[in-house]
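Enquirer: Under the heading transmembrane segment, TrEMBL lists 49-72, 93-110, 116-138, 199-223, 229-249, 349-370, 390-413, 425-445, 549-567.
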Amino acid sequence: MGSLNFTNETALKDREYNCNFGDAEVVAKNFNQKEEKVTSTGGWKYTCILLANQGLATLAFFGVGVNLVLFLTRVLDQENATAANNVSKWTGTVYLFSLVGAFLSDSYWGRYLTCAIFQIILVLGLVLLSLTSWLFLIKPNGCGDGKMDCLPTSPIGIDIFYLSIYLVALGYGGHQPTLATFGADQFDEANPKQKKSKAAFFACFYFALNVGSLFSNTILVYYEDNGMWTLGFLVSLGSAIVGLLSFFIGTPKYRYVQPSGNPLPRVAQVFVAAAKKWDIVPGNPNDLYELEGPESAIKGSRKILHSSEFEFLDKAATVTENDVYGPKNPWRLCTVTQVEEAKCVMKMLPIWLCTIIYSVVFTQMASLFVEQGDVMKTKFGEFHIPAASMSAFDICSVLICTGLYSQILVPFVGKLSGNPKGLTGLQRMGVGLIIGMLAMLAAGATEIQRLKYVVPGEKSSSLSIFWQIPQYVLVGASEVFMYVGQLEFFNEQAPDGIKSFGSSLCMASISLGNYVSSMLVNMVMKITAKGNNPGWIPNNLNTGHMDRFYFLIAVLTAFDFVIYLFLAKWYKGINLEDSEEEIQKEGPGNELLNKV
């Protein structure tokens, strides 16, 4: 059946979609109430509470995660490969749980309730972990320091331990992306000053995250490395409790955004409606179906204006005779806003896929960088430097580069480009890919140098571990561009109804990066370890060529960057209707609004 050139005013005149004069009066009152609320809630004062909460929660999480592989090998007596595999699965699960938190936040619970519930789960997991460590695992006291072995653990102790760390994974994973979106909600985009502050918030958010992890990667890692595991877990528990209490302090003054309902049926309706009308020509953009007035078909969301990409989906909003004279059916006729929400998801996914290779670069810090550092000279005078503690240089790099970016680069680039934010989110991610590639080249060069200084018959090289500083610093600098750029881009481009989902894409990228990295290692070893050849990453790294693996990742990152350039050029941003401006100029209640 061909499409008909009906407008909403004529074709759907008698339907309940139209906005009447009384609706405008309600909207006007709500508008005034909203303006009063914005002036007394949210803003930097209460966002700082959320930033402190993020730092404390991150300290608690990394107090468990930073040394988990050593806990598994020293306390639970697992093999290196088994422990590494268990940590990879646990880390990947943490970031997959971010999608669960984002879904519940956007659909049903709202940001505040979701943050509160998942923080409580984090606290419960740390309580259980501390008790399990004290009562079942650390026997005798002080074991697990690399010198004193722990007694065999009962099966129930091991089961409770795994339950506790996965509760920690669930709590932190569901909390972090939702908190990022909730923090961004504290700024009103209709206010130019607050809109600028919102852009700066994501850099501050990532800064707070790294401040928390800095303590875990320096102080806590030292005590845990010396067998004080229960003390380390108790410090993490205390940090999580303080973070939870601080979160509740701002409850009366936070700005709240209502959940928009389950987005899955909305997106599915678009594809089903478009499929049902597969044989028609999409209507003219001006004739596509949309609700009258400022209200959106998606609860609590602004309208999204039409875009030209994926035009076949416009069939879902094309009005036909059946839509006019038949019963109301959301699986056959969707609004433009609903169609554009589906388009936004489809446009963001290719960009997101390009970030996974960068996450492969990022995950090397927790695996191959540590293994590389462990076979280097780790003595500084009489002081032993744990290989895992070198990640402190990454964190310091993030903290320094965040300040340099906001104070120097943004004003300088802003003057050149005319963009007050300096670089767009897409540009930041592109720069992050380039710096990440340089980090892999630096790691490969360090490994070549390390192999030159291998002492015959010795496990380690005589090359100082401080040669790793450039690769850690470069990874840290790349994070400031890539991960802050991701948070900013996906939160900005995600429709109002799926904001938390946009923020969770960053963590989901890290999760898949872990899995892709593991897959690459397995593929490389199967290909290179044949006959008498030990492969690129053997147990004895002195007989391998880990440098080639680093260079392989650098080549993959360069290839990924080329694809990313094409996608970034193709991408067209979301075009939201300015709801407050539209209230002033649309609908039959214009005169009433002016009087109010």
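Counting starts with 1 at the first residue shown.
From the backbone N, Cα and C atoms, a Cβ is placed for every residue, glycine too.
Please treat TrEMBL annotations as automatic predictions, because they have not gone through curation.
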Enquirer: Let me spell it out: take the transmembrane segment (425-445), skip the flanking residues so only those 6+ beyond its ends count, and list any with a Cβ under 8 Å from a Cβ in it.
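Expert: Hits for the transmembrane segment (425-445): 351, 354-355, 357-358, 361-362, 364, 368-369, 372, 468, 470-471, 474-475, 477-486, 488-490, 492-493, 547-548, 550-551, 553-554, 557-558, 560-561, 564-565, 568, 571.
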Enquirer: Grab the same-chain neighbours of the transmembrane segment (390-413) for me: Cβ-Cβ under 8 Å, and only residues 6 or more beyond its ends, written as numbers and ranges.
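Expert: Result: 66, 200, 203, 206-207, 210-211, 213-214, 217-218, 365-366, 369-370, 373, 419, 421-423, 465, 468-469, 472-477, 479-481, 484.
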Enquirer: Could you name the stretch, out of 116-138, 199-223, 549-567, with the greatest number of CB pairs under 8 A to the transmembrane segment (349-370)?
Expert: 549-567
Enquirer: Do the transmembrane segment (229-249) and the transmembrane segment (116-138) share at least 3 Cβ pairs under 8 Å, sequence separation 6 or more?
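Expert: Contact criterion met.
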Enquirer: Excluding the flanking five residues on each side, which residues at least 6 beyond the ends of the transmembrane segment (93-110) place their CB within less than 8 Å of a CB in that stretch?
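Expert: Distal contacts: 61, 65, 117-118, 166, 169-170, 172-178, 181, 256-263, 497-501, 503-504, 507-508, 510-511, 514.
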Enquirer: Other than its close neighbours in sequence, what residues sit by the transmembrane segment (549-567), given a CB gap under 8 Å and a spacing of at least six beyond its ends?
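Expert: Contacts with the transmembrane segment (549-567): 350-351, 354, 357-358, 360-361, 364, 368, 429-430, 433-434, 436-437, 440-441, 443-444, 447, 520-521, 524, 536-537.
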Enquirer: Using a Cβ cut-off under 8 Å, which residues of the same chain at least 6 positions beyond either end of the transmembrane segment (116-138) come close to it?
Expert: 53, 57, 60-61, 64, 75-76, 101, 109, 144, 150, 153-154, 156-157, 160-161, 163-175, 178, 227, 229-230, 233-234, 236-237, 240-241, 243-244, 247-248
